[in-house]
Amino acid sequence: MKNTQRQLSSSFMKFLEEKNRDLEAVFAYMDANRDGRISAEELKKSFKTLGEQMSDEEAEAAVKLSDIDGDGMLDINEFALLIKGNDEFTEEEKKRKIMEAFRMYIADGEDCITPGSLKMMLMKLGESRTTDDCKVMIQAFDLNADGVLSFDEFALMMR
């Protein structure tokens, strides 16, 4: 269970360190059915979107870890508790992992994440998203409003 929390922490904590709005954005993205709660299945699918594998048992354990009210789901406060585990990576390791993730989402010959490359990667991961969905996802972190994510923008999003 500690390994599951560490895995969740390393993948999602980078997303959430900047501001509370990042937490809300990640939560909203993971809450696929928009009911204000994240189920173990939604957690597992979102994890897969980030290029990580999570078993049904790990997803259930992760939800139970922070499910304060015992409803089998995570509200935004419980989700915040889940991801606040110890982040044991050095800055160099964090940057390397972020670069590895970034490379997964860029098309050959490109140096940025485009709506098309994001859509393609999500399809490979079993997530069906429209190009418009991908544009919205990119827009949330596109600091210079050029319609794509540079490595620096991606790194800020992941921290």
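Cβ atoms are placed via backbone N, Cα and C, with glycine included.
Residues or ranges marked as Ca(2+) 1 binding site in Swiss-Prot (evidence: sequence analysis): D31, N33, D35, R37, E42. Long-range neighbours of E42 (Ca(2+) 1 binding site) (same chain, six or more residues apart, CB within less than 8 Å of its CB): M30, D31, A32, N33.
Positions annotated as Ca(2+) 2 binding site by Swiss-Prot, on the basis of sequence analysis: D67, D69, D71, M73, E78. Spatially close to D69 (Ca(2+) 2 binding site) yet at least six residues away along the chain are D75, E78, judged by Cβ distances under 8 angstroms.
Look at Swiss-Prot and you will find D142, N144, D146, E153 tagged as Ca(2+) 3 binding site, backed by sequence analysis. Residue environment of N144 (Ca(2+) 3 binding site) contains 9 other Cβ atoms, counted within 10 Å of its Cβ in all protein chains.
Away from its own ends, the domain 'EF-hand 1' (18-53) comes close to residues 7-8, 11-12, 59-60, 62-63, 71-76, 79-80, 101, 104, 122, 125-127, 137, 140, 156-157, 159 of its chain (Cβ-Cβ under 8 Å, at least six residues beyond either end). Marked as domain 'EF-hand 1' by Swiss-Prot on the basis of sequence analysis: 18-53.
Taken from Swiss-Prot, the feature domain 'EF-hand 2' applies to 54-89.
If you look up Swiss-Prot, you'll see 93-128 marked as domain 'EF-hand 3'. For the domain 'EF-hand 3' (93-128), the mean pLDDT of the prediction comes to 87.
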For the recorded Ca(2+) 1 site formed by D31, N33, D35, R37, E42, name the remaining residues of the chain with Cβ within 8 Å of the site's Cβ center, in chain order. M30, A32, R34, G36, I38, S39, M73
With H, G and I counted as helix, E and B as strand and the rest as coil, say where DSSP puts R37 (Ca(2+) 1 binding site). coil
Go through D35, E78, our binding-site residues, and report the one whose Cβ sees the most other Cβ atoms within 10 Å. E78
